[in-house]
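Working notes, structure below.
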Amino acid sequence: MAGLYSSSSSSKPTLSSSPSSSSSSRLFLLVTLLPLSLACFAFVLQWRGGLDDPVTHWSIDHHEFPGMVTTQEKRSLRRSVSDSGCVDLLGQSRSPSFPYFRNWKFDYHSDLKPRICITTSTSAGLEQTLPWIYFHKVIGVSTFYLFVEGKAASPNVSRVLETIPGVKVIYRTKELEEKQAKSRIWNETWLSSFFYKPCNYELFVKQSLNMEMAITMAQDAGMEWIIHLDTDELIHPSGTHEYSLRKLLGNISADVDVVIFPNYESSVERDDIREPFSEVSMFKKNFDHLLRDVYFGNYKDATRGNPNYFLTYGNGKAAARVQDHLRPNGAHRWHNYRKSPNEVKLEEAAVLHYTYPRFSDLTSRRDRCGCKPTKVDVKRCFMLEFDRAAFIIASTASSEEMLQWYREHVVWTDEKLKLKLLRKGILTRIYAPMVIIQELREAGVFSSVVIAAHKSPSKNSSTADSTSGITRESSQETGKRRVLEFHLDVDGESQASAVPPQSPPGLEATQMEL
């Protein structure tokens with residue numbers, strides 16, 4: 001028995017060790033196979049050959065994802081671009097792009113609140129208007145009222161603009177001018193000091209009349225906010241986590257009628273800028289967003305011998321809540337016929353003004369104005385000192401002299417000065433608009449809009465053609481007519497003079513206080 005007992009007891013460890021060795025083998029097998037499985041899975045994920053993904057057929061790119069171009073292909077792309085000697089401002093980037101956003105319409109519907117619209121008066125081409133429109137669509141603008149003339153009203157440009165969801169194109173026809181000639185504005189005093197003058201004054205009156213019409217359109221469309229912007233300006237909705245203008249205006253108190261966006265001015269660092277929205281990242285801050293001591297303490301350095309702190313205006317732009325009796329108060333502000341609007345000024349958000357960002361802007365502005373290049377005559381045509389000086393230079397100097405003047409007065413080439421003013425906070429880097437517009441371009445949004453528009457029949461080609469027949473003289477009639485048709489029951493406060501473009505505070509402001 002003892003032997004049997006000892007024999008049986010000695011066999012127990014052998015029986016118990018069998019399951020232990022089996023589990024160890026399984027664990028070893030698992031540890032061995034798991035890395036191999038993960039490696040195989042990773043290989044399958046990054047494998048570029050063999051399988052044909054039907055989704056990739058939607059893309060016209062040979063490579064569907066960024067990073068899938070070989071070194072040899074990159075060299076050939078660079079060679080082809082350099083050989084052509086031109087840059088495709090509207091088309092696809094020469095680098096690979098993510099293909100699934102092509103035909104991205106940004107067709108916002110009425111359920112998105114608040115509903116925001118922008119109105120502008122423009123003669124710019126597609127290379128400027130398309131990035132401008134789609135950038136503002138990205139940040140939450142749903143509707144655009146484009147009062148077009150010149151290049152913007154040409155058939156090749158207008159037919160593209162008409163196909164964009166949310167864009168309303170208004171041509172400067174004789175019918176429009178006759179309608180605006182009957183505006184109540186001509187019987188009021190707040191804009192009267194700008195009547196009967198050429199160039200910038202004429203444009204200022206025209207913008208105000210267009211803004212008045214845009215208010216009516218915005219009311220009919222159920223818009224909640226309206227903003228007047230030029231096509232060389234972008235809203236910068238800083239201060240919101242989502243970089244959203246809709247979020248920004250949605251948080252405004254219900255008793256606020258007007259929201260003022262201080263403007264920042266572009267500070268270009270090269271004289272060969274082609275596409276400002278994608279190439280300019282440095283801006284000069286507005287007085288309203290700086291400490292007083294910082295502003296005046298660095299005023300001379302920031303001005304660099306120019307007439308004012310900003311090259312052009314410094315009083316920003318404004319968004320108005322769409323409501324009864326709203327009226328424009330010049331291109332920069334809004335007013336109300338029945339009350340003084342409750343205004344707030346934003347502490348972080350701004351309007352980015354791309355001021356003379358291209359050397360060619362000197363001559364293009366000159367060509368739009370028939371003013372004589374004398375110090376006396378330019379005061380009739382331009383409101384701001386820098387515009388006057390730029391017009392005289394563009395009208396009298398040689399190309400070499402113009403370029404030298406442009407480099408001295410507009411381009412920031414002094415690296416030490418830039419670094420100093422960046423540290424002081426006078427200058428700042430803003431990359432969001434650049435990134436958004438570059439991504440839209442690389443996604444093929446702009447090129448697909450142009451291609452789609454030219455494949456479809458034009459909606460209003462006859463209107464565009466008739467617009468091109470309107471002479472400059474008939475257009476100038478807008479600033480010279482005054483039709484007295486209304487007896488207005490308005491108080492004196494509602495007749496406050498229109499707010500023109502104004503320069504920022506100068507050093508004389510501190511001397512006056514002393």
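Residue numbering: from 1, along the chain as shown.
Cβ coordinates are placed from backbone N, Cα and C, and glycine is handled just like the others.
For reference, Swiss-Prot has these:
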type	residues	note
SIGNAL	1-39	signal peptide
REGION	1-23	region 'Disordered'
CARBOHYD	N156	N-linked glycosylation site
CARBOHYD	N187	N-linked glycosylation site
CARBOHYD	N251	N-linked glycosylation site
REGION	457-514	region 'Disordered'
COMPBIAS	458-473	compositional bias 'Polar residues'
CARBOHYD	N460	N-linked glycosylation site
COMPBIAS	474-490	compositional bias 'Basic and acidic residues'
N187 (N-linked glycosylation site), number of other Cβ atoms within 10 Å: 15
Among N156, N251, the one of these glycosylation sites whose Cβ has the fewest neighbouring Cβ atoms within 10 Å: N251
Rounded Cα-Cα span from N187 (N-linked glycosylation site) to N156 (N-linked glycosylation site), Å: 38
